[in-house]
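Chemist: I'd like to ask you about the structure that follows.
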Ligand SMILES: [Zn+2]
């Protein structure tokens, strides 16, 4: 028996050794462990960001102008709320807003990835020092975990402006061309780093997790509990126009709605089919979010804890 215990401890320590040798400049982060700090400066990027993002699965309701009604809803939000602030807007699915476009149908059917994963940005508006810090932490997470690079704006043609007008939390999907806005109203949309990360993920090119075509295998949508008129926010993406980038459905995605999104009666609108899972976290990028970003942008960055020993460690302790 004693020998058995010694053996188990030996295996445990063997698993720990390569883990700490592999990433000496690392720390626990967001449920990840040992994310390399110096990853932002590595040269393993091989991003091809020129591909088109198909927007045809977004309905015409995604196109319009910011409004103060959404801002008022976010102003009334507090951290003790059952929902996330970006679920409160009157925009498509709460926070997707594409600018009106003078095309044949008045809507634009496509946007683009950011070439080389470089996203020029500027921060405008009256953010407090603390709110700016939240935004910079969100950007730092992308730099640490993905090959994307947010580059301070210096006259580039295409860029995002992170602003805090009183119109709620919203963003368009993908690179539209020219100046495009990501609105994170203070204080509601900048009280959690994950909300900023969420809105930036839209601008990077991602939609909501629970709108994936296969979502009904993972969650039950309780239509009886949804506010009248908000049912449209729960439609599924057309499988022909969506891409999961080889990453399975993720309850823990920062792009997943909360369980009470658009509820009219404090009852769940999204009910996971798996016991014990929580949805709607806004702490930061999940492991699958990172994978999806890196797959979309052809990033060759290795995952934290990859490798034979890392896998054993993950299987045992995650
Ligand atoms: Zn969103």
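Including glycine, each Cβ sits where the backbone N, Cα and C put it.
Owing to the predicted nature of the structure, the values given are computational and were not obtained by experimental measurement.
The active site feature in TrEMBL is assigned to 199. Annotated Zn(2+) binding site per TrEMBL: 198, 202, 208, in sequence order. The domain 'Peptidase M12A' annotation in TrEMBL covers 105-300. Taken from TrEMBL, the feature signal peptide applies to 1-22.
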Chemist: Within 10 Å of each Cβ, count the other Cβ atoms and name the one among the binding-site residues 198, 202, 208 with the highest count.
Modeler: 198
Chemist: Sorry to bug you, but what's the C-alpha spacing from residue 208 (Zn(2+) binding site) to residue 199 (active site), rounded to the closest Å?
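Modeler: The Cα atom of residue 199 (active site) is 10 Å away from the Cα atom of residue 208 (Zn(2+) binding site).
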Chemist: Across the domain 'Peptidase M12A' (105-300), what does the mean pLDDT come to, as a whole number?
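Modeler: That region's mean pLDDT is 95.
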Chemist: I'd like the number of other C-beta atoms within 10 A of the C-beta of residue 199 (active site), please.
Modeler: 25
Chemist: In the same chain, which residues outside the set 198, 202, 208 have their CB within 8 A of the centroid of the CB atoms that define the Zn(2+) site?
Modeler: 86, 93, 95, 96, 171, 199, 201, 206, 207, 254, 255
